[in-house]
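Here is the structure we will look at, set down as structure tokens.
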Amino acid sequence: MMAILTMIIRKMIKNKWLEVSLLLGLMLSVALTSSIPIYTNAILHRMLVKDLQNLQLKEDIFPGRFDVSSSIRSSMPPEDRESYLSSVDKYMEVQIPEQLSLPIISYAKHRETLNYSFIPLEEFNFLNELADDEEKTNPLSSKKINIVGSSELNDHIKLVDGRLPSNQVENDVYEVMITEGSLSALNITLNKEIVILDGSNKLITVNPVGIFEPKDYSDVYFNKSLSNTSLYLDFDLFEEKFTSENILPVRNSYWNVSFDYQSIRLTSVDKLIDAFTGLKGYLTPYTNNDKNIKGNEVEFPIISILENYDMKQQKLKTMVSFLYIPVLIMIAFYIFLVSNLIIERQKTEISVLRSRGANRLQILGGYLIEGLILGSIAYFSGIYLAKLFTLILGSSNGFLQFVQRTSLTVEITGGAYVYAAFAVVGTIIMMLVPAFIHTRQNIVSLKRSMSRSKKTSFLHKFYLDIVFMCVGLYGLYTFKNQMKDFINSGVFTNEFSIDPLLFIVPNLFIIGMGLFLLRIYPWMIQFIYWFGKKRWSPASYSTLLQVGRSSTQYQLLMVFIILTLSTGMFSASAARTINSNMIDKISYTNGADIVMEVEFGNDNPDQYLPGASEDALDNTHTNYIEPSIEVFKNLPGIEHITRVFKENNVNFTNSKVNTKVQLMGIDTADFGRVAWFKEGLMDHHFYDYLNLIATNPQAILISKSIADTHEIKVGDIVNMGWIGTNNVEFIVYGIIDYWPSWNPNSVPKPSITASETPQLVVGHLDFIQSRLALRPYEFWAKLKPDFSNTAQLYDSIEEKRIWLNDLTNSNAQIIKVKNDPFQLAINGVMTLGFIISILISLCGFLLYWILTLKGRTLQLGMLRAMGLRFSELVKMLILEQTLTTGAAMIMGIITGVVTSRLFVTLFQITFNPLEQVPPFQVVIDPSDQRQIYIIVSMIILIGIMILGYMLSRIKIHQALKLGED
């Protein structure tokens, strides 16, 4: 065994550069595959933490807590009560932290007694002295108090006055603490003893000796807020006298375990859910079987969020896996190419071994050991390379676009090792395929096959190129029909999601079309050869013969370049289209960078009172106080601002029509400076319509739905108004298809009639206010191009005491969309896939041509010896590159353009077309294409320069000596 291993290692050293190149392919394969679970966990972890942070910020709920509250009947035997509380104490203190496996911030127990009446001790003694006086009155306070024991309370509070209570009972008096609010709420005084009573019976005497407040009001310890009607006793004393001795029975008990939710990982989600389920299961028997337990409640604020993440994780893993398939196919091609080059150099050795009696399994065993050696190295190094890939994925903001974003928290999980193992097994099998093919031949059959012309490739022999193209076109046909069905039924989801097949089907078409172009490639070379047959120079003639007779040997390399270019172009178009349509939708729906719904002052104060009548809520006769626009103009970052009035259910009438419309009132000049509108949506520029109505205050624009449905034309006079106003005449000046923030689409349902489709009228705000009524309106703002500190804007709004009902920030929504894990996956995987494709294409290109050049050293040396100048050899090399690499680039561009035009339109199915306004549009940005062309051209140029350098190093005498040998 040692001898075989030594022989394999020597053979690997002999082909060290090929082996290193093969190892690179294996490492990339392992890294890509293992990055699927790593990236999925990292991005969902960031999303989960953000969701939990938003929960805390928006709802003021600390997400990392388990709360249990238990209500106990006073009839419960003391020994049973103590046993029950002790059991739950142990579970919460020991079991829960073990199950969570997260840093525990605090653990607290709170016990409460029943509520009791109380009276100052002096008054109680005085009443006892007057026990026989029939005229005495009942002095008991109508207010009730209870006694509370909280574990570790002293570590979380500071004294405002007085001192901490003693942990001992002295002279039958219990020392307690109170909050500052208790002084007025209970009308008690510090260091004045009070008596706790049950009816007229004295139970215990307590003495408030200290007033306290929390050290930090945001401390998670105070999830159960402090009470102004509670007296806080030392917890150990409470447990001794009340829980154990039952001097006062415990009525309620609360437990709180707070953990660091920032430390949650995706691997913790199942543990958290199991801990919650287990805790409920633990408490259920007590509630069901013990009538003395009134009820147990378990509160875990984030349980609904966590339960959704398992589904998100599976969906994201599926999508990333499908997105990686094109790149993995490229790597498989690369591994096959390099393995084939290694086997080509060793095929004589293989055939000799076969002729001497070695069977195919024995020969394959040697290559299997070689694969295991390389696979082991790739396994451990590729997993750590996957961490780098994950960071690249997390920083992508578009195709080949990166931003400074908070780095992902990257962890290598057990799933990554499993994925890596599958990748190693798959790549080793791919390595063994060329060896398996060549082990069929002995020395005789090898020499015979070498004398024959090259056969048609396997892919072309079985017409797999035609099959792949047909599958891709069938997928295109299926998706388009599915799209039509969705539009007709109106069944869409509001969540962003992409069918992974939208990436698989186009890539099948790319492979099929690329192979089809390679099928006709030899005919193109023959045509070029025939076209200039009598005019070619010797160098050109030799090159054309070489390429024409050996076209199949270039095919793998050409497939590389075709796939790299075409998938890069398709990825760029797909990513740009998805990003642009999402951004356009947000910008159009909101209408401007910032939209503020301001609280208007008015003279109808009754409308804000609880239980206000309908008359009070009726705002038709309310006089509103209009805020000054100058205040908004002076806000930081504001470049322009405008007023926008919107009113629904406005009467729209004339001799032809009586219907309800949405009315929008604007200031035409300011509106044009602020509103976002995509060019090309209407027949004329957006500004032309504003200029059209600017000259006449009665001029309006109507939507095409009004014009078509009610046969309203330009120049018609219409009346508009709403309840509480008189109708006013307006003149139609223009008809519009779209308008900022207005969606012209309607859901197709049988119950919806034509008159119920969205209908819009745009008019002058000042005219509407003067002739109809002043009603609350919105402020739309355009931000300065270099302004990004929206927190400064928000702070300024608060400082100026501008009361807002709502604020919409388009830029914030765009950032949120770009941070969506599925969106990040698309941008990141496409970018990473293209970078890796470029890398392995360069390696494959250089390997192929270096080895080819070495194999043709004798031929090139003989040409030099025959008198061919070095410059002519360089021309031969350039022509050969043009006919192979250059042709592959042209094929790649053709394939990429055709695929983008056909298949990028399918991504419309991922958007709800009824809400996607502006309509979905395929975006092919020339700058993206230029980036791809420049990168690929630079790689090929570098390769040609290296080959030219190697060509210049060939010596005639070395080539001739090689021929003699």
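Positions of Cβ are set from backbone N, Cα and C atoms, glycine also.
Annotations in TrEMBL come from automatic prediction, not curation.
Annotated by TrEMBL as transmembrane segment, the relevant range among 522-547, 886-911 is 886-911. A contact between the transmembrane segment (497-518) and the transmembrane segment (416-437) is absent, since fewer than 3 of their C-beta pairs, 6 or more residues apart, lie under 8 Å. The stretches the transmembrane segment (364-386) and the transmembrane segment (416-437) are in mutual contact, each linked to the other by at least three Cβ pairs under 8 Å (pairs 6 or more apart in sequence). When averaged over the domain 'ABC3 transporter permease C-terminal' (326-436), pLDDT in the model lands at 79. Between the transmembrane segment (824-851) and the transmembrane segment (556-575), the number of CB pairs under 8 angstroms, six or more residues apart, is three or more, so the stretches are in contact. Sequence-distant contacts of the transmembrane segment (322-343) (same chain, at least 6 residues past either end, Cβ-Cβ under 8 Å): 15, 18-19, 21-22, 25-26, 28-29, 32-33, 36, 350, 427, 430-431, 433-435, 438, 500-501, 503-504, 507, 510-511, 556-557, 559-560, 563-564, 567, 825-826, 829-830, 832-833, 836-837, 840-841, 843-844, 847-848, 851. With a cut-off of 8 Å between Cβ atoms, the residues of this chain six or more beyond the transmembrane segment (931-951) that come close are 400, 561, 564-565, 568-569, 572, 834, 838, 841-842, 845-846, 849-850, 853, 860, 870, 873-874, 877-878, 881, 885, 889, 892-893.
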